Amino acid sequence: MAELVFFSGTMDCGKSTLALQMDHNHRARGRSGLVLTKHDRAGEAVLSSRLGLSRDALEVTDELDFWDLVVQQATHGRPIQYLICDEAQFYLPEQVDQLARIVDECDIDVYAFGITADFRTALFPGSQRLIELADRLEVLQVEALCWCGRRATHNARVIDGHMVVEGDQVVVGDVAGGDPSVVEYEVLCRRHHMRRMTSHAARQQSPDPDLLPFDLDLCPLPGRQPTA
Ligand SMILES: Nc1ncnc2c1ncn2[C@@H]1O[C@H](COP(=O)(O)OP(=O)(O)O)[C@@H](O)[C@H]1O
Ligand SMILES: Cc1cn([C@H]2C[C@H](O)[C@@H](COP(=O)(O)O)O2)c(=O)[nH]c1=O
């Protein structure tokens, strides 16, 4: 029986890599599928992973009707058995409803990949609908880590090293390493997200590089009070 599965996690935890692997494995067994994405960092109509792999994909626009898409494919003699849907947090809730209908009425597997929450910890509308409708939620096994060493569970938006909590929900960007004058993201544990303590801020408080990436709370020094 077909399933709607939502693979989620923070940014940079391997979702797009897994999406490419799943497409590869299904294709290798002769199954026919479609790969879709929306606002990938690498540009339009491409699904890219930070491991260096990428492939062509259909760009999901607000106008796209997934139901019409699979019906069209079938009527043109290209029946679909699975859909890979990356950056699904950006899909409209009604598009997620269409995906659920495709699973139930066409017996097509839908594998969706995306972050659940934005930089303010609010659910993206597409992710909220996926959580409401999915047969299964899968949290990725590879843990992205906060600078302190704990598992990263939240996405921070960072401008000039400082975490911001106001702005548009959707701003396409990457985790640190690019041009620091533009918006970038950093994954943090909840504690440091709530304290707005990015790696930059932590370094300013504790400039000795030997103290990073270890969190003093996790690895206290004798006689020293935790700072972060
Ligand atoms: N140079 C590298 N060597 C090994 N693994 C890497 C390298 N660069 C990135 N990765 C892995 O790729 C993951 C990010 O994969 P990606 O599919 O782009 O993430 P997501 O789609 O969740 O944002 C990182 O968590 C890391 O495990
Ligand atoms: C937290 C957050 C992220 N985004 C954007 C940034 C990236 O372009 C994608 C996530 O991609 P990834 O493959 O999971 O790294 O989402 C955003 O627009 N708004 C946010 O709050």
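Just so it is clear, glycine is given a Cβ too, placed from its N, Cα and C backbone atoms.
Not measured: the values here are computed from a predicted model.
Listed features, source TrEMBL:
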{"type": "ACT_SITE", "residues": "Glu87", "note": "active site, proton acceptor"}
{"type": "BINDING", "residues": "Val170, Val171, Val172, Gly173, Tyr185", "note": "substrate binding site"}
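Feature map: annotations from TrEMBL on the structure.
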| residue | record | CB count, 10 Å |
| --- | --- | --- |
| Glu87 | active site, proton acceptor | 25 |
| Val170 | substrate binding site | 11 |
| Val171 | substrate binding site | 14 |
| Val172 | substrate binding site | 12 |
| Gly173 | substrate binding site | 14 |
| Tyr185 | substrate binding site | 20 |
Euclidean distance between Cα atoms of Val172 (substrate binding site) and Glu87 (active site, proton acceptor), Å: 11
Substrate site, defined by Val170, Val171, Val172, Gly173, Tyr185: further same-chain residues with Cβ within 8 Å of the Cβ centre: Arg157, Val183
Site diameter for substrate, Å, by largest Cα distance between Val170, Val171, Val172, Gly173, Tyr185: 12
